[in-house]
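Q: Okay, here's the structure, questions in a sec.
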């Protein structure tokens, strides 16, 4: 990893629940606020409001939020491009927020950055773009050659070393950007919407590459995104940011399986299809019409997703369960499924059906009725 440097005294994290972790800390964000003062006709802007996060070393945290939620401000504070109004940012045991400019420049060598629009120099080849941070750091030419060639090989561009950005595809440009971010052998990798300018197939390839880098180099990765599909594919943990505050944070599977905040539920629904399809929503009624059927949404988590629960309930209670919609997928290595069913049952039998379907980790919601 990067060379040692003098750093400001670091103190253990405070008492905020988000800061407690049994693992060594890669990134610590402790009670951070960022205010932009009022200017002329513009009022004061609270960009970040009491943000606390603990990213264990070697883990991958996804920070998701809508435009203007505070994601970009957060990443600027982590890499020292801006300072918080209050609170601390600690990266690889170095308190970034208290460093002077020379120490901050040294500290940034332990932080790699991947950008949305690649930020490659058009006049430099792929090799020269990756070599740039090493040249700036004064690394000897022979050492640069030893460092850059394996990185180009790692990202699958060994045969493109002499190509210019104009000769590369979007995915290849981002691979150059990733190799450049790794050139100084950082302990932490930050990613700012690294896949949002790419097509779906290339996005999957870049996410696979980031997972491989995390495994092989044991890097701590923090990425920001507005796409829950990226979180699902890459993150160990996810933090949801809204209006400058963390509204939900936890293991990726837990957040997908049991989203607590309305913003999180909207993000999750966009990926898992756990929301009812439009054609069904158009038919749902809040009150039971004559001859109408109740509509239930059953969310299965973990091992419960592979159990024959519907057939068991149908046999036990003597009811017919009509499947209107369903899917099962893997999230963070765990199965997660959603089924929407309709049934014709008395209120008493309906209560029994809901009780039996709610066994284990399942979540059952009555959505309404259909004619």
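Positions of Cβ are set from backbone N, Cα and C atoms, glycine also.
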Q: Kindly point out the range from 1-22, 23-44 that Swiss-Prot annotates with region 'Disordered'.
A: 1-22
Q: Taking the binding-site residues one at a time (65, 68), which has its Cβ surrounded by the most other Cβ atoms within 10 Å?
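A: Neighbour-count leader: 65.
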Q: When you tally the Cβ atoms that lie within 10 Å of each candidate's Cβ, which of the binding-site residues (66, 69) has the highest tally?
A: 69
Q: Taking every protein chain in this structure into account, which of the binding-site residues 67, 72 has the most other Cβ atoms within 10 Å of its Cβ?
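A: Result for the most crowded candidate: 72.
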Q: Along the domain 'ABC transporter' (27-268), what average pLDDT does this model show?
A: 94
Q: If you draw a 10 Å sphere on the Cβ of residue 70 (ATP binding site), how many other Cβ atoms land inside?
A: 24
